[in-house]
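Note sheet for the following structure.
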Amino acid sequence: MNMMSEAAVEKALDKKMNDMTYKMIGNDVSVYYGEKRALFDVNLNVRENTVTALIGPSGCGKSTFLRTLNRMNDTIEGCRVTGKITLDGDDIYDKEIDVVELRARVGMVFQKPNPFPKSIYENIAYGPRIHGLARNKADLDQIVEASLQRAGLWTEVKDRLHEGGTGLSGGQQQRLCIARAVAVSPEVILMDEPCSALDPIATAKVEELIHELRANYTIVIVTHSMQQAARVSQRTAMFHLGQLVEENDTDKMFTNPDDQRTQDYIMGRFG
Amino acid sequence: MTDVVSSPAGVIDKPARRDIGIKRRYRAERRFRAYGIAALSFGLLFLALLLWSVVSKGYTAFQQTMITVPVEFSEQIIDKDNERATDPQKLMTANYPIVARNAVAKALGVAENDTAGLRAVNQMISNGVRGQLRDMVLANPQIIGTTQTVSLLAAGDIDSAFKGQIDLSVTEQNRKISDRQVGWMNQLVEAGALGKHFNTGIFVNGNSSRPEAAGVGVALIGSFYMMLIVLVLSLPIGVAASIYLEEFAPKNRLTDLIEVNINNLAAVPSIVYGLLGLAVFINFMELPRSASLVGGLVLTLMTLPTIIIATRAALKAVPPSIRAAALGLGASKMQTIFHHVLPLAMPGILTGTIIGLAHALGETAPLLLIGMVAFVANYPTTPMDPSTALPVQIYMWANEAERAFVERTSGAIIILLLFLIVMNVGAILLRRRFERRW
């Protein structure tokens, strides 16, 4: 690929983003943990082929919102979600929707790299296998290779596919987890502070990867680092005390935000 | 700019003299370590004492005194009227002890008309020779009329005396072996006819009132059946119950109550399980008494709480991030548990199971209540047949009066301890194997 076409791709993606094709729409989303309310009527739309960064001080509800998008909150005892979230127009909290299928379409990468204590190959192959994405061994091999290549890990691990995934470095493990999420061909990838356990070099690699993944996936990323949000995202949403303060283009957000609280947070006055 | 408040009288400006008693702290630490080492040594001392006492008393049980003499399978005695072709019972019921007695008497040069002498000779050989010679003849009837060299089982008292366990310095009236028999014993030793052989009988024989013929064979089979039943029942039930409680069950009052009760059950004295088994399995369900099936069921009830607690702990120890990873990939709850959580919990589950089994293997009290304390000489072929168990056999032998049973009791304890060691080593190896995957 040469520089021209890459820029052209970028431009096409930005155009698609500005066409306001919403991949996921959150409408009056509230989350309760038992009696405690963690999110207050959040209206946030996620645009297709866009990296949306969720920022805000600790405990502001950004991770909670992220986890409502693939119903990972279901696994928490006493957690209740109200409001409506749609994926391509379908309500994901509808009784008809199978949560297993939803999670195959909305993948997730966690804060701490959590590869299975199995081989690199098995880590990637697990998802396609349970979803029946590969008809035979050759198919599976191909998915594994493609996923690792997409996560920029192929050249580093191709000679040790059958060694343990937990033997990789932290950054490699996190890219392995991204490859694992990619392997089931999701439409949306949720990332919950994916770089918080990584050193700056590994972080840079993951950020670069996120940037590349934008071409094929819609990405929502929770981050504590302003710089990271500014570097990787096109849209940024700011949360505070369980409420959505502001959602805007990242450039605008970091130069001239509409809300004073955003301004204060970005300037480091609180949080 | 804020003003720096100067501290009153400059207390914190001066370098502080810390009085934290470094020496005292080190002394306390050394003292604590000394306590630990003392406690450890105390425990090791008693372990060594136990092993020494058991092994020093019991190792002789694995040797058995035999009298090796030429035995004439006299047709006169075995089958005088030559009826063996028509009457198959003839060879079964022939008077083999006389054959053996005559062989030893001949070797000792005791006259055939010395009735008292012959009786004394008879006391030197075990009653077990009846079966021994009968089996030889039944296996090969051609040996009737020939003379074969046979190692005959010596009587328990001769065995004890030869092993030096009977004090021969006391007067003749105060011991069970007469001076004449001692003389014969020494005569046989000098001729090289009397000596110690490896005692296979203790492993294969059933119980016997004669120590030289008694073995733990029946007990081993009984214990084996019971362990099999315990394993087959308690592992799946225990693991299924734990998985349900840990992963699926809602956390409410009822499950809390169940959890508390499982923990309590683990602490219930085992004899109570025996009573339960007696009431439910024998009186109500009318299963046979003394059967290893009932024993296995009772021990299953006893082992279940142990396995459930160990399994739940092992499941809890699996990092939640693994569950999140699998769920996040779209695995169902079942897939998450069976593909990821259970394999990781396996070492803990197996260790808990083997420790539970080892506990069950050594359990005696509940088995006494369900009638497994019976005298069983024949091998049980199914778990429904009367049987006994290793620890119960030890208990029964410990109650016997004869000197030769003392070493057999210790010998059986050694066998039981060996099985326990093997099981524990197995637990450790399994653990290592599963843990060292990466």
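From the backbone N, Cα and C atoms, a Cβ is placed for every residue, glycine too.
Worth saying up front: this structure is predicted, and the values here are computed from it rather than measured.
TrEMBL lists B:32-55, B:224-245, B:265-285, B:291-315, B:336-361, B:411-430 with the feature transmembrane segment. What TrEMBL records for B:220-426 is domain 'ABC transmembrane type-1'.
Between the transmembrane segment (B:336-361) and the transmembrane segment (B:32-55) there are fewer than 3 Cβ pairs closer than 8 Å, counting only residues 6 or more apart in sequence, so the two stretches are not in contact. Across the candidate stretches B:32-55, B:265-285, B:291-315, B:411-430, the maximum count of CB pairs under 8 A to the transmembrane segment (B:224-245) is reached by B:291-315. Outside the transmembrane segment (B:411-430), and at least 6 residues removed from its termini, the chain residues within Cβ reach (under 8 Å) are 54-55, 58-62, 202-203, 216, 219-220, 223, 347, 350-351, 354-355, 357-358, 361-362, 390-391, 393-394, 397.
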